[in-house]
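Below: one structure, written as structure tokens.
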Amino acid sequence: MSTSPTAAPPQSSGADAGRNDSARRPAAARRASVWARRAPLLPALIFLIIMTQLPFAATLVISLFDWNSLYPDDRAFAGLANFGEVLSDADLRSSVLTTIILTTTVVLASLVLGLAIALLLDRSFRGRGIVRTLMIAPFLVVPVAAALLWKHMLFNPEYGLLNGSINWFAGLFGIDNPIQPDWISEMPLLAVQISLVWQWTPFMMLILLAGLQSRPGDVMEAARLDGAGNWQMFRYITLPHLRRYLELGGLLGSIYIVQNFDAVFIMTQGGLGTANLPFSIYQTFYQAHEYGLASAAGVLVVIGSIILATFALRVVSSLFSEEGSR
Amino acid sequence: MSAVTTTAAPSANLAQRGKGAFLGLLAWAVGLLFFLPVAWMVLTSFRSESDAATNPPSLTAPLTLDSYREFFGGGASPWPPLINSLTASLLSTLLVLVLALPAAYALSIRPVKAWRDVLFFFLSTKMLPIVAALLPIYLIAQNLGMLDNIWLLIILYTAMNLPIAVWMLQSFLAEVPASVIEAAQIDGARLPVILYRVIMPIAGPGIAATSLICFIFSWNEMLFARVLTGVTAQTAPVFLTSFITSQGLFLAQMCAASFAISLPVLAAGFAAQDKLVQGLSLGAVK
């Protein structure tokens, strides 16, 4: 909304100014002015290129070697053998599947929950600001601490709050031995998913709430006067308006959750079928010292990320130009 | 909304209000449910170890500062990791600002030609997974003798947060109206004066929010810190991982540690609440 008058004019006025300059000034001065424009950009750009592109180039090179740091003398060029090994490795393949399941379920669940809560918070009621603040808190707990809290304080089968509450409620109804599940052993992936949904729902809620509050008021009023019911309003006005916010939340959430390491590392140590790709790569490199193999897996993750990023960038870019054109 | 209430019959009005009150209560219930683990963490941190681990849970057990005393004064002191985290987060945030502010200026106020492409290049680097760069960075750091050195983390966190910071600052700086800058130029103001007197007051809150978000991400980071540091440069989240497989009674102390280490982020996040959305959505949501 507000980028349109702001982002576009500086660009056009800047371009106009550049054209006027070029008509009057000689070529050398023009070049100097172009570089004066670029100069503030260069330190950040160069730093980022060095810090991101070089390591990935190195990963690509290492992925072609048979290299285990425990046997440094056996390092040899292996061609694409590592990639074959990665693709035929059952553990790594299952971690690809785990990553996909973990990311999609967590993103979808937090989007749906976030939308429901954003709809609740969009109405005015007593203490709305306080509830909004309470809702943000889970996102602001350090991820390592959040995973520890879920593992020990909430999911522990003996003294965790979850089983404790079941026991307490059962006691109210005079039930002696209520079920006391060992959450993490019995449903490891679900346990990780729940802890991540708890952390990411506030994020989605914040984005969707901002979306709800930017709905055009006149359209809503007109629809009301035309006798639209709540469901019709939601289905035909709110949901289409929210589409791009849902996409944005989903994509940003995916970028972070695909890379999630902390929750898996802390809650299950990658055991019980919860190892995702970041954890498997960490383990291949840090515990098994298989540098070549870890790099090959890393290259495959990068390729996957590029595919994901292409979609993500397209969505962000369409948001960007949509805002610019309005 | 008002149209409906004025035309509806009184009984429908009452039903409407009852429904409104119910939805308000529901919002409170959901908010409290999400907050419950945080509240329970704080409460448990003030319990004695034996009171913390009871089933069913006790709301009325006496409060004590024992676990904080144990955490700050017990076996391994948390101060070096906390100071390391603070150093890494503050210095990397400062470096990010030094690099990102001029870049954002060249992408919004006095933009280069291909500013959109450059902006998207910055964002695309954020989508490359950190874990794939871990090994080369480890090897390079090993060769340079930079392992277990806080400066390594400072540089890495700077690179990690730079793309987000450039995006956020670009969107905040773009809010400065071009007409205001032109007016200042016509009045003969030079660049430093314009930066300080015109741009800073308008973009100041946005710059503050950007800093807070960079601080939060650096403070939270664990994978780099775990692989690349040992004893001297250990950070607070790595210190926390020692609770993963603790034996015996440790719940109150774990909660105290989690709360103490989350407190700076909670404070920073609540302080930046209003700008948090715009920052986290890379400026796409206002």
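Heads up, the Cβ atoms here are built off N, Cα and C, so glycines get one too.
Here is what TrEMBL says about this protein:
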- A:1-13: compositional bias 'Low complexity' (COMPBIAS)
- A:1-23: region 'Disordered' (REGION)
- A:41-65: transmembrane segment (TRANSMEM)
- A:96-312: domain 'ABC transmembrane type-1' (DOMAIN)
- A:96-121: transmembrane segment (TRANSMEM)
- A:133-150: transmembrane segment (TRANSMEM)
- A:190-212: transmembrane segment (TRANSMEM)
- A:291-316: transmembrane segment (TRANSMEM)
Same-chain residues at least 6 beyond the ends of the transmembrane segment (A:190-212) whose Cβ lies under 8 Å from its Cβ atoms: 102, 105-107, 109-111, 113-115, 117-119, 121-122, 132, 135-139, 141, 143, 146-147, 150, 155, 183-184, 238, 241-242, 244-246, 248-249, 252-253, 256-257, 260, 263-264, 267-268, 274
Beyond the flanks of the transmembrane segment (A:133-150) by 6 or more, those residues with Cβ under 8 Å of it: 117, 121, 191, 194-195, 198-203, 205-206, 262-263, 265-267
Distal contacts, the transmembrane segment (A:41-65) - CB-CB under 8 A, six or more residues away: 75-80, 82-83, 291-292, 295-296, 298-299, 302
